[in-house]
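A quick write-up on the structure given underneath.
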Amino acid sequence: MSQASLHGRWTVSSSDDDDDDEDIPPSGTTAPKPPEPVRTPVSSSLTIGSEARQSAARNQLNPVKFENSPSLAGKRKKEASDGSGWALSDSDEDDAEVKSDRQVDPPKRAPPNGERKKAKMESERPPSPHGRLYYIDEPDDFFESSVPCLNDTYRFYLNKVTGLDRKYNSGALHIRDILSPLFGTLKESVQFNYCFDIPWMVKQFPPEFRHCPVLIVHGDKREAKARLLQQGQPFPHVRFCQAKLDIAFGTHHTKMMLLWYEEGFRVVILTSNLIRADWYQKTQG
């Protein structure tokens, strides 16, 4: 539809959803004042038309007032939720409200009957059945006095467990049995392992081999290496060799003995560290 006026020719177009074209008054005439709109329920007036028209009608029925006061942010939210129109909100204020709601903790209820939570006491290691000293000395018949019955088929042995009867440790070996002179005259040894207790390890050698050269192959670094070297200071026959790995992540876990005798050479593969805890009451191989 086109209309001529003093300012030229202009055109008014309506959407496809408009059923009737509005009458445009001619130029120079005064349009009659439209009557006051009658507010009707939204459900009855928005049954026909596109979603845009329905939203525009809802906005006219429920206009939103923009206010700068942050204290009214919640009020604006409430008005927007009550109506179905568009709402203006400040993101900073909304975030602040959400954060404040999350930070508020519900009031803690007092325990019933006035019972108060008992103070947590520091847990202490349970007492050992042997008293304050965890380890007990092995009996005299614990170690082999003659060549033990070796398994020539598999050559796999379990370690002796302190505290068991001798019959249950039959066929098992202790570190003292491995280093005993029953297997030959020891000249030198190399000990590969992850954890070391140097004073305890030296005591496991029989007196006649206690001063034979021993090379410790370890993977400790920095502070751990310094502590290990400090352990070996009282024993001049003990030397150290650090196993450096070519990879960035890894640990030297090899557990092995190289025993050089006057009669020959032995290789012993272990599953236990060279500390007493691994040879005391644990089943190792």
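Each residue, glycine too, has its Cβ placed from N, Cα and C.
Pulled from TrEMBL, these are the features on record:
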REGION    1-132  region 'Disordered'
COMPBIAS  15-24  compositional bias 'Acidic residues'
COMPBIAS  41-62  compositional bias 'Polar residues'
COMPBIAS  97-127  compositional bias 'Basic and acidic residues'
ACT_SITE  HIS253  active site, nucleophile
BINDING   LYS255  substrate binding site
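LYS255 (substrate binding site): 19 other CB atoms within 10 A of its CB, across all protein chains. Residue density at HIS253 (active site, nucleophile): 12 other Cβ atoms are found within 10 A of its Cβ, drawing on all protein chains shown.
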